[in-house]
Amino acid sequence: MEISTIVHWNYLIALLLGFATLPLLILLIVTQTTLTFKPYSKMLLPCAVADLLFMTVDAIGQIKARLEDGVFLCALEGPGRNLSRSNQILLTVLSVAGFCFVQSSIPVQAYFRFHALKRGSTLSILQTTGLFSLSIVGIVPLTVLMYTAFNTSELLRPEFDYSSLWYKNDTPTVLLVADIRSPYQKLYFLYCAIFITSVYLIAFYYGTQTLATLHDKSRVVSTKTKRIQSQLSMYLFCQGLIPLLTAVGPTLGLVLGQFFNLNLGSLAALCVLCYSWIPFLNGLLTIVVIAPYRNAVCRWIKKPKSRTHSLTTSSSGNGTRSSFSRY
């Protein structure tokens, strides 16, 4: 099977599932987050919206990639392929920035929960906005370095035909190039390593602090609070595990491939395709893990069946009465 076919079907399936799941999750957060869970909507809603925005940018771009001779090459297969070269670079960078923001929100969520358990009250909307703003500030250097690397890499070897490294019998309108020989690409990878490591270390720290606080307060907190915290623990675990498996692992493969000039070829495309599943998996597991959302979906599924059953029963009853009325 050609890589273009794999890219096409991967994005089609991932995006259809994602656009079905994330709007549903946002609806659930707005309408079904009640009582003791209500304060946590300030944390859940921005994350769901961020996933939706990331998926939307990814849908417009639909990146097809290749890695040869320390050069990362990519072309857009989605509607974004009709844009100018500079706008295609910008769209690609925004897609990566969205993916990084999804990861950088993990420690924000961990701290939000720790603060709520430690202080007995959640952060205000302004404080929550400030925390998420810090996440955005953290990815600004990354986006600048990546944009510059894509914009200047071809100038390093002006005599070299980078398109010769691309797939045979496939000539993209615009081919984006990020050469490891570029100092900006090296700085980008260095910053990525520091950034991702910091994200998971901070999340791990506040996760352990939350568990310690929960253990200390286990005798005084209610059963309902324990149940909520258990659901949030599983939610945050999934939020951290999904990017770790579908993003950090593949990204590490791309980084090592570039630094050691490994010819990963189309394997690089498969690594990039893993990113497209993050929004759907985040949304699905959030609905499954958090009981009010899961129960609401179950009620909505059962309600049409119940209505159909009652109508059938009613019709049967009317039919029986009609039969007896003849006698």
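For all residues, glycine too, the Cβ spot is worked out from N, Cα and C.
A TrEMBL annotation is a machine prediction, not a hand-curated record.
Residues annotated as transmembrane segment in TrEMBL: 12-31 (among others).
Summarising the annotation, TrEMBL assigns transmembrane segment to 89-112 (among others). Away from its own ends, the transmembrane segment (89-112) comes close to residues 40, 42-43, 46-47, 50-51, 53-54, 57-58, 60-61, 63, 74, 76, 80, 83, 122-123, 128, 131-132, 134-136, 138-139, 142-143, 146-147, 150-151, 176, 195-196, 199-200, 202-203, 206-207, 210, 236, 239-240, 243, 247-248, 275, 278-279, 282 of its chain (Cβ-Cβ under 8 Å, at least six residues beyond either end).
According to TrEMBL, the transmembrane segment annotation covers 124-150 (among others).
Under the heading transmembrane segment, TrEMBL lists 188-207 (among others).
The transmembrane segment annotation in TrEMBL covers 234-260 (among others).
Long-range neighbours of the transmembrane segment (266-293) within the same chain, counting only residues 6 or more positions beyond its ends whose Cβ lies under 8 Å from a Cβ of the stretch, are 3, 6-7, 10-11, 14-15, 17-18, 21-22, 24-25, 28-29, 32-34, 37, 44, 47-48, 51-52, 54-55, 58, 63-67, 72, 74, 95, 99, 102, 167, 227, 231, 234-235, 238-239, 242-243, 246-247, 249-251, 253-254, 257. TrEMBL lists 266-293 (among others) with the feature transmembrane segment.
What TrEMBL records for 308-327 is region 'Disordered'.
Marked as compositional bias 'Low complexity' by TrEMBL: 309-327.
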